[in-house]
Amino acid sequence: MIVSSPRMPGSLPASCEATWPKDVGIIALDVYVPSQYVDQAELEEFDGVGAGKYTVGLGQSRMGFCTDREDINSLCLTVVQLLMERNGLSYDSVGRLEVGTETIIDKSKSVKTVLMQLFEESGNTDVEGVDTTNACYGGTAALFNAVNWVESSSWDGRYALVVAGDIAVYATGSARPTGGAGAVAMLVGPNAPLAFDRGLRGTHMQHAYDFYKPDMVSEYPVVDGKLSIQCYLGALDRCYSVYRNKIHAQWQREGLETRFCLEDFGFMLFHSPYCKLVQKSLARLVLNDFLSHPSPNTQSGPFSGLEAFRDVKIEDTYFDRDVEKAFMKASTELFEQKTKASLLISNQNGNMYTPSVYGCLASVLAQHTPQQLAGQRIGVFSYGSGFAATLYSIRVTQDATPGSALDKMVSSLCDLKARLDSRKKISPALFADIMKMREDTHHLANYVPQGSVDDLIPGTWYLTRVDEKHRRQYARRSLNDDGHLEAGLVHSSITSEHVLSPLKKMPRIPTTTAGTEVVVISNGDH
């Protein structure tokens, strides 16, 4: 008598996968960075440190930052409206909106609720999701929630919208040049050009005080730099190991006996606190491949000359300079092929916290043709201090034809470098003054910001005042000219095609882009 093994509650046979929406992932993506930056070489001189400490040691060229005119609400308002307008999307086609951020300006009211004011004209209030917070990992958690929603019984056929945004600022000192600011918005649904590899996520969660923000009055974190690096690299090791085990199991079920290694990723992206750590992280994946290989060839190929490191224990190598140097050298070509292009925004704008790794994704899309991207598997490592990390993968569609979803996504980001180059350079002295002003005023009530509105990029939302009850009010700089409106209601002049929700119509991003009149909104009473 054959007795079948009991199925755990909630488990489903493989045949049930057919009921899931196909190729759930990212359909559209856009990025917003502030309109001004400080040059890292000039900052080295201003701070009195050795030449190359920031530019070579950290791998940073420019650092974007916000004046007191911008906060987390305004960053997210800007990037959401940018994505919706550039892709001709209607707000009633969105059924879930979730924000990943660690830039907290209210201990109760979510950024998502502020963004709902953009939905008012459409009449759509049936939108799930709130904010998700855990250092730089919140954007990834929000993205996973969105994907899971589309693949669940809760899905009602509409898109999910994920926003990752942060303002990364540090007190005067060695950590300050690792700051940055920005936001990324991602539209999630089925039949996506960037589809998530189902079942292929390697996650590691652990408790540590490597970076945290216990002072609710200050924007600045408490940082243990050495511990933070150890946590990041340790999480990378563990996530990569879990991911490899899962893909090996998947391949075995398909009858394949191939070993997975870094070469199997077309691109490999990392959360980027600073660019040099990313380069070291790619080298660390080569170290992982080397140590896990049953019989690596140390005479030729990528592991050539590495036989002396065959017996090292990976947990003893976080700060081993010999190991780091050897594997940085061994991974030079792979870095150029798989990771360097992803660091455009990181190098030019700095660490955006939750949007960091998605800025890396945008950078890859902006610098490659649809044909170069088609069919590639993109590895993504997301890390948030405290700490939480996942390594997962995205599969790019094979369809790179003109007018395809991939073609439209790439086209929408082709001006990314031009956007970065169009920003205004601010002197280190003025940058320090602005940081001091933020430090002194970011928590104040009955406050009118002092920063210039004229320097903001057209289409940018900005803070107009904080009233005596800490209610924040915002206005938007016009897309069409250099003016801005100080009062008004939401009135859209969009005339582009109305994009239906994906259940009714396969996601199709129109090529038309239209402007919108400026409007004032708030995070309190109207």
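Note: Cβ is positioned from N, Cα and C throughout, glycine not excepted.
Residues annotated as active site, proton donor/acceptor in TrEMBL: Glu102, His271. Positions annotated as active site, acyl-thioester intermediate by TrEMBL: Cys136. Positions annotated as CoA binding site by TrEMBL: Ser228, Lys276, Lys280. According to TrEMBL, the domain 'Hydroxymethylglutaryl-coenzyme A synthase N-terminal' annotation covers 20-193. Feature annotation from TrEMBL assigns domain 'Hydroxymethylglutaryl-coenzyme A synthase C-terminal' to 195-477.
Features as recorded by TrEMBL, highlighted on the structure.
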| residue | record | Cβ contacts under 8 Å, 6 or more apart |
| --- | --- | --- |
| Glu102 | active site, proton donor/acceptor | Thr133, Asn134, Ala135, Cys136, Gly138, Asp166, Lys213, Tyr353, Thr354, Gly384 |
| Ser228 | CoA binding site | Asp210, Phe211, Pro273, Ser385 |
| His271 | active site, proton donor/acceptor | Cys136, Tyr232, Ser356, Val357, Phe381, Ser382, Tyr383, Gly384 |
| Lys276 | CoA binding site | Gly57, Leu58, Gly59 |
| Lys280 | CoA binding site | Leu233, Glu324, Met328 |
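Cβ neighbour count for Cys136 (active site, acyl-thioester intermediate) (all protein chains, 10 Å cutoff from its Cβ): 32. Sitting within 8 Å of the Cβ centre of Ser228, Lys276, Lys280, and not among those site residues for CoA, are the Cβ atoms of Ile229, Tyr232, Leu233, Pro273, Tyr274, Leu277, Val278, Ser281.
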